[in-house]
Structures are given as C-alpha cells and as structure tokens.
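Look at TrEMBL and you will find 5-73 tagged as domain 'MIP18 family-like'. Residues annotated as region 'Disordered' in TrEMBL: 80-111. Per TrEMBL, compositional bias 'Low complexity' is recorded for 98-111. What TrEMBL records for G122, K123, G124, G125, V126, G127, K128, S129 is ATP binding site.
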Amino acid sequence: MALSKETVLATLQSVEVPGGGTAISRDLVRALAVQNGVVRFVLEGAPQPELEAMRPALEAAIKALPEVTSVTVVVPAGAPRGLGGTAQQSQQRGPAIGGHPKPQQGPQKVPGVKKIIAVGSGKGGVGKSTVASNLAVALTRAGKKVGLLDADIYGPSLPRMMGASKRPASPDGQTILPLQAHGVTLMSVGLMLKESEAVIWRGPMLMGAMQQMLFQVKWDEYGPLDVLLIDLPPGTGDVQLTLCQKTELDGAIIVSTPQDVALLDAKKAIDMFQRLKTPIHGLVENMSSYVCPNCGHEAHLFGHGGVAAEAKALGLPFLGALPVDLDVRLAGDAGTPVAAGEGPAAEGYAALAQGLVDRDLI
Ligand SMILES: Nc1ncnc2c1ncn2[C@@H]1O[C@H](COP(=O)(O)OP(=O)(O)OP(=O)(O)O)[C@@H](O)[C@H]1O
C-alpha cells in the first residue's frame, strides 16, 4: 500500500518529544508533503534548540516505515530561539528575530517616530536599498533625525551598505537596541544573522519578524525620530501587507529604473499601496543615465524618462532622476553611502531629500 499522510501523522503522534507531548499534539508540524516514499515537513512553533532536539527521533521514526525512501525535516533558521527562553538566556544569545505575529488591534504608531515612509519597488535590483540608504544619510545631513529599517528580510543589504555589522544588544532580552551608522538609527534582520545565513521562513514568521522590528526595537534610542524609512523587499507580499496593516504608514516612495519591465512591476507596487490606502509620495528614477567618465558621452542604458512619464500618467509626483554612477556602487559596497560625501551623486541625493522636506513630507 502507498505511504499516506495519515500514516506519517500517526507515526509522528506516537513519538514523545523533549519538552513533553508529541510534535502533533503540540501543533509543531507544518507543510507535510508525502510523495512516492519521500517525506518532507517543517518543524515550527517552539524555540529552535527544542525543535532541533526532537528532530532526530522524528526522522528515525519516519525512516523506519517500510515504504519510506527519504525524510527531510526542516527547522527554519532563526526560529524563535530567544523568545521562548528566559530573559537571561535571551540576553546571553542576544535578541532573536522571527516568530508568529502577536494579535494586534489595527495599525499602530511606532513609539518615538513621527513619520514612517516605505521605500518600495516592484522589481528587485533597481536600487531600492541604495536609494533608501542614501536618502537616509542625505536627510540626516539636512538636519532630520532619521531611522532606517531594512525590511528586505530575504536579502538584507543595508548592514553592508551602511557599514554596520555589530549584533544589536538587548538589555532585557526583549527590547532590541538599534545601531547608529552615519548618523542614521539602523536596524536590519541581517544584523541578527550570519552574513551567509539564509532566512528560511514562511509568511507568519516574516510577519512576526516585521512586527518585532517595528515594535520591539527602541527606535528613539538616539533621540526621537522625524522619520523612519523602511526599505521593503521587492514585490507585493507578506512584508508589505504586514507593514500596512500593523503601522500607521505615512507614505511610500517608489523606486524604478526607466525600462518597461521594471515600470510594469512598479505599477503593481503603486496599485498595492493605493489599495491599502497608503499615500504615494512620489517616484524616483534610478539608473537614469550614464555619463562616461573618460569622454563625457551620455548613454541611457535602461532607457530614460520612463518613470517621469509614468508618474505624470498616474498623477503622482516625480521626485527625481539618479544616474548610474560607479561611485554609488563602490560607496555602497564599502559601507559609506555616497550621500555622506561630496560631489554630483551626493548633491543628487541632497536635492531628493530637500524636495521631500520642502513638501513637508518629512
Ligand atoms: N545609481 C546607481 N549607480 C550605480 N550602481 C547602482 C545604482 N543604484 C544601485 N546600484 C547598484 O546596484 C546593485 C543593486 O542595488 P540595490 O541592492 O540597492 O537594489 P535593490 O532594488 O534594493 O535590490 P533588491 O531587490 O535585492 O532589494 C547594488 O550593487 C548597487 O550598488
């Protein structure tokens, strides 16, 4: 007889696990898949060490079934390690990120933060994190108190771009103290993980992590913030939805390159924000043009003017065009955003920041 899910569940139910009960009675088994003798499932819902401790016995019990050819049990990286432990344990390990979201009544203000602005894009790789980090630095130089939250949970790049790598401290095992880099108050899930460690989280874990980064981080650690910029992951998924549902978001800035394929996705991001009733503060065209440093010839690698035209068509403000510039890439890789220095690229970001200040958006 072919192996069934029911047989696997009954076998898991027969194994007592460390901490008491079974993985089934404690509702720790997710995404069970059984096909042609191959069994896969995720263990989630308890502190990670506890899940790791029960994994071998569960694997052995399933392997012992006659029809089984292979078993894969995944314990997601960064499962709620510290959250289930004592404050002292969490203090020793540092705060942990990830876990199921806590019930919350409606969108809330983030304590110590005047305004929250999301920086989004539809497509990946268009320079959203580059714009977010440089805008944060430019706004700081314009005299504003700025926070920067890296919500790109699957590909956090702000620690590197902002030159920050210290693991945030947690004096009580709950509150997370943000870092400060180039005058910007900074928090990223990347600061809680090893640089090459992958985040293997499904929706609820992401949403829990977002909630923690918004409300467990002491955003006013270095003084109350005029604005918290949130660098979103590309697309229109769980993180964006959580953000719009859990916080009072003041607005969104959309970054796109001028090419059609990026604009198409940018329109989807705009549609999402509009449907979630988040005002769009404007569109930024990144990688707008390239001026050869040797001969001065200007080329439009990804087209030109597409974002301004799209903004006009949608009746939204166009905030500015930023060129492709080697210095921007080098500065980001080196951990000092180009906006922290001098020159045309820094001036471009200063103008972008001033435009937002002048329109009273920050
Ligand atoms: N104007 C620019 N000139 C030169 N390089 C740029 C520019 N904007 C971004 N880059 C480079 O392009 C790469 C992608 O940028 P970035 O990580 O900011 O994009 P993203 O949209 O945030 O990507 P992801 O989808 O991974 O979140 C980086 O190496 C960055 O340094």
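For all residues, glycine too, the Cβ spot is worked out from N, Cα and C.
Small disclaimer: the values here were computed from a predicted structure and weren't measured.
Taking the features listed in TrEMBL, we show where each one sits on the structure.
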residue: G122; record: ATP binding site; Cβ within 10 Å: 24
residue: K123; record: ATP binding site; Cβ within 10 Å: 20
residue: G124; record: ATP binding site; Cβ within 10 Å: 14
residue: G125; record: ATP binding site; Cβ within 10 Å: 12
residue: V126; record: ATP binding site; Cβ within 10 Å: 26
residue: G127; record: ATP binding site; Cβ within 10 Å: 22
residue: K128; record: ATP binding site; Cβ within 10 Å: 27
residue: S129; record: ATP binding site; Cβ within 10 Å: 27
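The average pLDDT computed for the domain 'MIP18 family-like' (5-73) is 90. Across the domain 'MIP18 family-like' (5-73), DSSP helix (H, G, I), strand (E, B) and coil residues number 25 helix, 19 strand, 25 coil. Apart from G122, K123, G124, G125, V126, G127, K128, S129, the ATP site neighbourhood in this chain, defined by C-beta within 8 angstroms of the site C-beta centre, holds S121, P234, V255, S256, T257, A262. Look at S129 (ATP binding site): DSSP puts it in a helix.
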